[in-house]
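*Asks:* Have a look at the structure that comes next, please.
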Amino acid sequence: MAKPVMCIVLTQIVLVALFHLCMSSQTKECTSTSSLSPQFYDNSCPKAQAIVQSFVAKAHSNDPRMAASLLRLHFHDCFVNGCDGSLLLDNSGTIESEKRAVTNVDSARGFEVIDDIKSALEDECPQTVSCADILALVARDTTVITGGPSWEVYLGRRDAREACLIASNNNIPVVSSTFETIVTKFNDQGLGLIDLVALLGGHTIGNSRCKSFRKRLYNHSGNSDRDQTLNQNYASMLQQGCPISGDDQNLFALDYMTPNKFDNYYFKNLMTFKGLLSSDEILYTKSRDSMELVKLYGANEELFFEQYAKSMVKMGNISPLTGRNGEIRRICRRVNH
């Protein structure tokens, strides 16, 4: 029997009320941005944001996949000793690049776009705009250009002089992470469950390789079985392009409904058990609290956009280097000499 309309409306009202109550109790400091400021470059490099936006637009026009790739760089940078541009450093005699981490090797991309942006900014205002700030601006601009929310980006970060491959391997959740592990890794960064669910909503754009979810299709529990939390018709469709062996690099949209549009279909997919990755679907299957947030964002895109923007600001404020700490790199791939 269909649920009465009044019951559905009341359920959504209760969910919205609970959302705001939880948000006020868990994220009171979500807008705390230490010494960062949206106006940081207004005098020293007034064209900085326009330059970044133009390069993001060009990159997206050339390759729509690039938006998600660039957005991902900011996440993977901030989760390793803070938002300090360390992810961008190449291997050298003294640096073990984070690009070699399990979550980055053969998957992190878009570094050439960051190089081009940095080069243009160096021409406009030499050694002024940090690589860390470029990543933060690019994350906002890629979200906007694909249809998502905008927000004021707080600026003034400086760049790290070192990378940490070990922390990159340890701090960033992987596709096989349990719900408890993901929650812990987010909590370690000062991000609560509301932030976690909202930020994973960034998977509304982007792709994943066959090898990242193959186990769900063929050997989920070690008994040659499918993951029962995966819609079986959807699983059969995935198997057509992701065989039991081979074709590891075949790409599949994280949100198969609207793969290049930033919207709330990621959450709607989870509610019908069509999340591509186990680490996404468990938001709906392993926790009552996260399930309710999935339902809320799936029903109300405006609320998702609002919280996503707040959580991006909060994530962007993880342990920034400011003042005399760090440096402003001339080239994002290497420290200054």
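Positions of Cβ are set from backbone N, Cα and C atoms, glycine also.
From TrEMBL, for reference:
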- 1-24: signal peptide (SIGNAL)
- 35-336: domain 'Plant heme peroxidase family profile' (DOMAIN)
- CYS45-CYS125: disulfide bond (DISULFID)
- ARG72: site 'Transition state stabilizer' (SITE)
- HIS76: active site, proton acceptor (ACT_SITE)
- ASP77, VAL80, GLY82, ASP84, SER86, GLU98: Ca(2+) 1 binding site (BINDING)
- CYS78-CYS83: disulfide bond (DISULFID)
- CYS131-CYS332: disulfide bond (DISULFID)
- PRO173: substrate binding site (BINDING)
- HIS203: heme b binding site (BINDING)
- THR204, ASP255, THR258, ASP263: Ca(2+) 2 binding site (BINDING)
- CYS210-CYS242: disulfide bond (DISULFID)
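Burial and contacts for the listed features, if you can.
*Replies:* In sequence order, TYR41, SER44, CYS45, LYS47, ALA48 constitute the residues six or more apart from CYS125 (disulfide bond) in its chain with CB-CB distances below 8 Å.
Neighbour density for ARG72 (site 'Transition state stabilizer'): within 10 A of its CB lie 23 other CB atoms from the protein chains shown.
For HIS76 (active site, proton acceptor), the Cβ neighbour count at a 10 Å cut-off comes to 21, with all displayed protein chains included.
Its Cβ placed at the centre, GLU98 (Ca(2+) 1 binding site) has 27 other Cβ atoms within 10 Å.
Neighbours of CYS332 (disulfide bond), defined as other CB atoms within 10 A of its CB across all chains, total 22.
In sequence order, THR181, ILE182, LYS185, PHE186, SER279 constitute the residues six or more apart from PRO173 (substrate binding site) in its chain with CB-CB distances below 8 Å.
Within the same chain, the residues at least 6 positions away from HIS203 (heme b binding site) whose Cβ sits under 8 Å from its Cβ are LEU254, ASP255, TYR266, LEU277, ASP280, listed in sequence order.
Here THR204 (Ca(2+) 2 binding site) comes close to GLY148, LEU254, ASP255, THR258, LYS261, PHE262, ASP263, ASN264, TYR265, TYR266: these same-chain residues lie at least six apart in sequence, with C-beta atoms under 8 angstroms from its C-beta.
Within 10 Å of the C-beta atom of CYS242 (disulfide bond) sit 23 other C-beta atoms, taking all shown protein chains into account.
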*Asks:* At 10 angstroms around each C-beta, which of the recorded positions CYS45, CYS78, VAL80, CYS83, CYS131 has the fewest other C-beta atoms nearby?
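*Replies:* Across CYS45, CYS78, VAL80, CYS83, CYS131, these recorded positions, the one with fewest Cβ atoms within 10 Å is CYS45.
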*Asks:* Which are the residues of the chain, ASP77, VAL80, GLY82, ASP84, SER86, GLU98 excluded, whose CB is within 8 A of where the CB atoms of the Ca(2+) 1 site average out, their centroid?
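*Replies:* Close Cβ neighbours, site residues excluded: HIS76, CYS78, PHE79, ASN81, CYS83, GLY85, LEU87, ALA132, ALA160, ALA163, CYS164, ALA167, SER168.
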*Asks:* Which residues, same chain and not among THR204, ASP255, THR258, ASP263, have a CB within 8 angstroms of the centroid of the CB atoms at the recorded Ca(2+) 2 site?
*Replies:* ILE205, MET257, PRO259, LYS261, PHE262, ASN264, TYR265, TYR266
*Asks:* In sequence order, what residues of the same chain, 6+ apart, have a Cβ less than 8 Å from the Cβ of ASP84 (Ca(2+) 1 binding site)?
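*Replies:* ASP77, ALA132, ARG157, ARG158, ASP159, ALA160, SER319, PRO320, LEU321, GLY326 - these are the non-local Cβ neighbours of ASP84 (Ca(2+) 1 binding site), listed in sequence order.
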*Asks:* Please name the residue among the binding-site residues SER86, THR258 whose C-beta has the most neighbouring C-beta atoms within 10 angstroms.
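*Replies:* Top count of Cβ atoms within 10 Å goes to SER86.
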*Asks:* Give the mean pLDDT for the domain 'Plant heme peroxidase family profile' (35-336) on the 0 to 100 scale.
*Replies:* 97
*Asks:* For GLU98 (Ca(2+) 1 binding site) and CYS83 (disulfide bond), what Cα-Cα distance in Å is obtained after rounding to a whole number?
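*Replies:* Spelling it out, the Cα of GLU98 (Ca(2+) 1 binding site) and the Cα of CYS83 (disulfide bond) are 13 Å apart.
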